[in-house]
Amino acid sequence: MPTGSPRHGPQPGPPAGRRDGFPAARMSRSAVSEQSPRQEFSGLRMGKPFGIPVYVSWTWFIVAAFITMLVGPRMQIMLPELNSTAAYAVAFVFAVLLYVSVLLHELAHSVLAKAYGLPVRRITLYFLGGVSEIEKEPPTPGKEFLVAAAGPALSLGLGGLGLAADIYVINDGGIPEALVWQLWVANLIVGVFNLLPGLPLDGGRMLRAGVWKLTKNPGSGTIVAAWGGRVLAVLLVVVPVATALSDGRELDLTDLLWPIVLAMFIWLGASQSLRVAKIRAKIPQVNARTLARRAVPVAAETPLAEALRQAGERRAGAIVVVDHDGQPLAIVSEAAVQATPEHRRPWVNVASLAKSLEPDMVLAADLEGEPLIDAMREAPGSEYLLVERGGEIYGVLATADVNRVFSGV
């Protein structure tokens, strides 16, 4: 616990008057969440290859059924010796093997990311495919490009191996050939589709890396690749419609269902990437000293009304509970102050409204930018004590004030 003594006159800290009293808290979650750390995924855990937890979302079973129903009739044509039940069973095996190849695609991303020292939280398989949760961005555009390219490269490699096996090894026309044919075609489609130059696809991350390399600005790369994703989303719907109209065919809405779903996924992912780029552009503006509220130190038994009077005199926006030696013990919760009726404030002491200071709730006043955001995310809370290098109290940083920097993004 840092040490410091109460200052009853002018003291180091935020300029007086920057925060008057206790403004109503409006806790936006645009940048720093006050929620508890994320809960573990509720899907089915399949294992931990290469130390990376793999989960299957319950939505996978829906798409597995959809793929089975879609591929089943094709298997009946390719394998006429099978009855209907057997053909659909083979189609289900194809659905499982397809997602095994999707898992290998994601492992290619994740294993290379880990080799570069980037933490990977987990891989999740869900109805649209898979996603690798890599918790930090690659530090260079070159590594960004390689991590993004690893997945499509593996899918294209699987497609090429399957094609070679189909031509030279498995050519008896039975179930193995039918499965291999479906799988190599599917992997080639997955590989090529993911190379399309738009976020959130792998090709979008490769485009982002290229623009980042040229401009020396990762934010510019994100903006270009995100708009590329939006263009792709529009084309996914427009091209099939235009093709049908030019051929004089009637539009079949069932044929448009999958392109529309993919277009929505890409559009939303691209839009989220644009929002993240805007947030990242504002991160350098987050400075603990600039955003700090001036704090008034009071003893634990001080009535709230008296503490507020002292805060008003010093034009402070926060109250810190200290012991007799001036060591900070707790921060009075702004939300608790707002919830206390005015007529009760003379009879309520500040200790009953304060949150005890844990070590990770005490931050250096010099923190700014990404390190400050990271420190707040590691210990979610509504207020943090800011201290100088010598341990003196500088002020209080409110999460609400940090989030206001990102308001409107």
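Note: Cβ is positioned from N, Cα and C throughout, glycine not excepted.
Marked as active site by TrEMBL: Glu106. Look at Glu106 (active site): DSSP puts it in a helix.
Per TrEMBL, the feature Zn(2+) binding site maps to His105, His109, Asp202. DSSP assigns Asp202 (Zn(2+) binding site) to a helical segment in the three-state reduction.
Summarising the annotation, TrEMBL assigns compositional bias 'Polar residues' to 30-39.
According to TrEMBL, the feature domain 'Peptidase M50' maps to 94-164 (among others).
The domain 'Peptidase M50' annotation in TrEMBL covers 175-233 (among others).
Taken from TrEMBL, the feature region 'Disordered' applies to 1-40.
Among the features that TrEMBL reports, transmembrane segment is placed at 52-73 (among others). For the transmembrane segment (52-73), same-chain residues at least 6 beyond its ends with a Cβ under 8 Å from one of its own Cβ atoms are 41, 43-46, 84, 87-88, 91-92, 94-96, 98-99, 103, 107, 110-111, 114, 120-128, 182.
If you look up TrEMBL, you'll see 85-104 (among others) marked as transmembrane segment.
Here TrEMBL flags 181-201 (among others) as transmembrane segment. Under 8 Å from some Cβ of the transmembrane segment (181-201) lie the Cβ atoms of residues 71, 74, 78, 94, 97-98, 101-102, 105, 129, 151-156, 158-163, 165-166, 207-208, 222, 225-233, 265-266, 269-270, 272-273, all in the same chain and six or more residues away from its ends.
As annotated by TrEMBL, transmembrane segment applies to 222-244 (among others). Long-range contacts of the transmembrane segment (222-244) within its own chain (CB-CB distance under 8 A, at least 6 residues past either end) are made by residues 196-201, 204-205, 207-208, 211, 250-252, 255-256, 259-260, 262-264, 266-267, 269-271, 273-274, 276-277, 280.
Here TrEMBL flags 256-274 (among others) as transmembrane segment. The list of residues near the transmembrane segment (256-274) in space but at least 6 beyond its ends in sequence, with Cβ under 8 angstroms from a Cβ of it, reads 128, 198-201, 204, 222-223, 225-230, 232-234, 236-237, 240-241.
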Query = Whose Cβ lies within 8 Å of the mean position of the Cβ atoms of His105, His109, Asp202, the Zn(2+) site, other than those residues?
reply = Glu106, Ala108, Ser132, Ala148, Ala150, Gly151, Pro152, Leu154, Ser155, Asn194
Query = Among the binding-site residues listed here, His105, His109, whose Cβ has the fewest other Cβ atoms inside 10 Å?
reply = His109
Request  = Would you mind listing, in sequence order, the residues at least six apart from Asp202 (Zn(2+) binding site) in the same chain with a Cβ closer than 8 Å to its Cβ?
outcome  = His109, Ala148, Ala149, Gly151, Pro152, Asn194, Leu195
